[in-house]
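Note sheet for the following structure.
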């Protein structure tokens, strides 16, 4: 009996000790929780991490085929949506150096119009693969080069005839005959006409950045240079005779020249404001010295 009471007492002590340990554990957990909550509150509100957006840029592949044989020449890859036909021509030139950009003509269809350089790939693309047809435009020259060549030639050619070099006229006949004053006036008007054209081409007019086939340069030079040679030969010839109506015809033609040529046109050219013009005058495509020497 005594042993039984002793065992019950020992079990009771064990329960009390375990209960005390549990209470101490709960107290420690409460302290830890309180400390953690205070730490979180002092840290402030949690900031959400922004989601990283991955921008996907669409790229195109441009397949370039020969317009005549339909054979593939090259493939231009990694072409963005904002890329233009000019950008494609630049990459095509890197792949095929023998064709420079101004010589490359690209079409959507065989026999169709050539695409302008400012057209974007996105505007002509029906899928991620764009097929363009290539045509060799031949040797190209800039429009500025065309105008300078057309206007420089007549200026120099006329002066050669005006100086009466021995390879053109008979020097004995030139020494015997004096020039009529209208010949000097015609030379002055002719030179002023083409000098003005050259200055306007260089400093006034905004010439297109495009190109034209070399044959157009040859055609323009043949016309301007040939017409100037034909006209200057007769005007500066030793046997030249003045206009049939004399000084009256010369005066009327000189006044007409001053009215048609904007000699008094004031042009201010600045890089920031462009070109401004005052004194609007009439301009015609007439040959300025032609009226001074004949009325044909």
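Each Cβ is built from the backbone N, Cα and C atoms, and glycine gets one as well.
The feature region 'Disordered' is assigned by TrEMBL to 1-23.
Sequence annotations record features per position, and here TrEMBL assigns compositional bias 'Basic and acidic residues' to 8-17.
Annotated domain 'TECR-like N-terminal' per TrEMBL: 60-136, in sequence order. Residues belonging to the domain 'TECR-like N-terminal' (60-136) score a mean pLDDT of 91 in the model.
With a threshold of 8 Å between CB atoms, the same-chain residues lying at least 6 positions outside the transmembrane segment (141-161) that come near it are 102, 168, 187, 190-191, 194-195, 197-198, 201-202, 207-214, 216-217, 220-221, 224-225, 227-229, 231-233, 235-236. Taken from TrEMBL, the feature transmembrane segment covers 141-161.
Across the domain 'TECR-like N-terminal' (60-136), DSSP helix (H, G, I), strand (E, B) and coil residues number 18 helix, 31 strand, 28 coil.
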